[in-house]
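Chemist: Have a look at the structure that comes next, please.
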């Protein structure tokens, strides 16, 4: 039987016959024709091949021809979309080592732009070239016109430098390290970033661009004994490997071979352009130092004997089966090539005028003629758009149906409970026509959400966790939709193929696209001891604030040990054994230059601690009082989220971060309780706090309750109004704002409607707290940046807190330690995970040039955007303003700085948010909460004078929309920047993923945040005693107010007759030694000690005896802390345990132990237990004896111990 039904766009009945015969379904005449013509070696033109249908057809083409595909798109954005479509139909993107769809990215900058290219793009390109050069088999390579024209590292160089290293292979470790330097890797004490390596003893760590994790090679002599992948954050092994491929880490390779060639190329260019000797010397110095500075890319072809290679050279050797080249939108590609060459000529001309040392464009890029000529030896398929090339036959027509009408039908019902009805009806119609429907969901959680929404409507769906392998074999009569994770550009209907594909964006609206990236958690373990430098302030629990003066070796009773030298007022010193590092913290929380050192032998430190503790007890009492009043006051218990709420959640255009999802869960759980909510949500700008507030507001509106949103400034009021309005546009929720911008009659009208219950969400400044504002049924108050309100406003907020649900938001990061200390008195949710890059901010480090500034501003303004120009000196702002007005006279410029009056500053900021200015020239004052999605370029002048954390905060002000954001970090010429600053600027360039340097810098921001949250008085206390001590005292105060017994903390003093330390020749980096000492001293469970020793072995090789002794000493201390014993002295003839008055021991039981021991134990009047050591015992025997003594004492412990 043959069933004939016709199906056109979106399921309408015309267009193609649809057969039940699976074989015919797979073919389809246009497809078969394309296959036949390509097999015959012809250039094939198609029409109607666009969107995700391209991926579908190309994937089938790969299967039919068994040939790899080289897919060329107009630009990088189009290449990303094409790669996503292909990945979806080719069974996923694969991994870095076994790719299925590989991207060969181009640089956004030209070699003459004085800007080093984006490091992530460089490493991704080198990885792709390696795979091509090695002949790795994979289905598809995707690149843009620019990447196809751009010349690349010579194939011979890639092959000569790349190294495959395997377990069991003989390889001289030092020669491998030298080879890595030649390949552009940088030696670093800790391997956290791509392109770095480190040598320690028998270990070599290296992070190759081919892997998403660094690897650790362990040598035995010259033989590689093991290869292990490790986590760059924890530095611990995660996987064992048999072999590893090492590829060049950068393109500007300054090696012994390339440097002389680069120098002679530089001299030749200098002679041709008559370059002054001083300028030539500066460039040659940079080359000799091996510093890849700005603009060195322009000379790159001169580094190699035969110049650079082309992508075609790599393609020729890639696959035994000649690849098929697919040109997407050939006419668009012609235009892109024209534009590229226009930009090249212009940029080259400008560089020549600046007398830069550069090679001509044809040495960097292929001409259009070259590309066309080289393409003639490949089979070519054209699709999408028009073509200018002549082909022997007319174009092959594909006529896929679209899904636009379905999108429009869903939009027409958006915000209503039945919004998904058009989708449900369409799925039913497709099922009747035996069409399998596939939905590409951006994430697994989005797939689960859509499944719930459809299952609620009795629609059977299936969520697939594996990538899509064969779309044609999917049809199942009972399943209406198959949900896969992945992205497609937009949907299509293939009637004859029995397949309909939808993007989740067509159901829920546009979502932010992301490219996968190497993950890096931002967390500074070891409480900042990894960067403790001589001269830094520390806080000792018993002696107060001192200065760290280094790590030194000393002998005590003939036993060597490591000691921290701590300096106090009057040059007094303490030598602290590393085993007692638990007693100190790095000082943070105030200006180090204003801090006074404590004086040893006085009571001043104890008095300060006592005073702060009294303050804290008062604060804790107040907080607990508010919490108690809240619990006593019955509030409104909101209903649980329903189907309609789930639809609102699904409309969120980003994937929730784990912290954000947890905050939403916390808030909704609080709202469902009968007592009023009082929750604080902390998170940096852009971390998604507003969405948490919007979910709470929607829940309140669904329960017919009104919401007040209180903000500190008119600017933020206006911003929140616009973002709430946009988010609730498709729902029956009324949002209004009252602020200084509204005329009095308008305000009166809004207030009247609020009183009548006709306004669901009212946003405003402190005016909302005034007597003239009344609500019919207020159920939720959202407070943004509470610390910026005055005392009076804070007092009225206290009154509200015990009556209705209050949700407070703050952009200031809050440290986890403070969060822990305050648990029980303040409900807090911390959003510490940054959102996955909407699109990574392109960060350029470059020399200040007027042309750079002019082009950056003009480029942003031309696409309708705005620019922040940050200059941190108020006194020179007017001269910068004059300079900018001369450079870009047609652009409107606003000026903002902290010395302006608040009203004036607010006016300028508001005008900028309303797009009345295109450029905002400002100091680093840019308001913390400000979110201007149209401002996507930031220029920072003298970036070398900013700290990492400050630059991170600034940079977070751009990149808040789907537009690509740019950050230009401008520095003076190379001569004015120190070598150290230059290396730091390289870190800044890889800024999309910050390493430990940022984690530590962020600590300071958190401390500032703690002060903001707790108020000025508490900031003063933090500055006086340091943050960690403050958090500890706060925890004690809260426990005391809650009636818990005070914790007695004892730090036992243990001496062993053998060295217990980490030898310098085992861990040579002093910072890493300090981190390990700190972690050993903090260990509170035997498992932690076992893990620490295992980590040392993993990272540094087999542990020497001294490390084993340190582990044993730490284990003894853990047992002693449990019993609150003060000291233990292990000698060759006896062991002495100092019990002390706080010991958790039962006196009679200890006396009984001594009596039963028959002279082995004796107790002295000053509470010391002396045990006789076995004759001739030493080393491990003595430690075993010490453990036995502590075990005996544990049998005498008081019941509560």
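Using N, Cα and C of the backbone, Cβ positions are placed for all residues, glycine too.
These figures come from a predicted structure and were not determined experimentally.
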Chemist: May I ask you to indicate which of 780-783, 784-787, 788-791, 792-795 is given in Swiss-Prot as motif 'DEEQ box'?
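Modeler: Based on what Swiss-Prot states, motif 'DEEQ box' spans 784-787.
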Chemist: Which one of 1-27, 28-54 shows up in Swiss-Prot as region 'Disordered'?
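Modeler: The listed stretch tagged region 'Disordered' in Swiss-Prot is 1-27.
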Chemist: What is the Cβ neighbour count of residue 689 (ATP binding site) at a 10 Å cut-off, with all protein chains included?
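Modeler: Within a 10 Å radius of the Cβ of residue 689 (ATP binding site) lie 25 other Cβ atoms.
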Chemist: Looking only at the motif 'DEEQ box' (784-787), what are its DSSP counts of helix, strand and coil residues?
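Modeler: Going by DSSP assignments, the motif 'DEEQ box' (784-787) contains 2 helix, 1 strand, 1 coil.
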Chemist: Can you check which residue among the binding-site residues 683, 686, 688 has the largest number of Cβ atoms within 10 Å of its own?
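Modeler: Per the Cβ count within 10 Å, the most buried is 683.
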Chemist: Using DSSP, would you call residue 684 (ATP binding site) helix, strand or coil?
Modeler: coil
Chemist: What same-chain residues, at least 6 away in sequence, bring their CB to under 8 Å of the CB of residue 690 (ATP binding site)?
Modeler: 720, 723, 809, 931
Chemist: To what whole number does the mean pLDDT across the motif 'DEEQ box' (784-787) round?
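Modeler: Overall, the motif 'DEEQ box' (784-787) comes to a mean pLDDT of 80.
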Chemist: So if I draw a 10 Å sphere around the Cβ of residue 687 (ATP binding site), how many other Cβ atoms end up inside it?
Modeler: 24
Chemist: What is the Cβ neighbour count of residue 684 (ATP binding site) at a 10 Å cut-off, with all protein chains included?
Modeler: 22
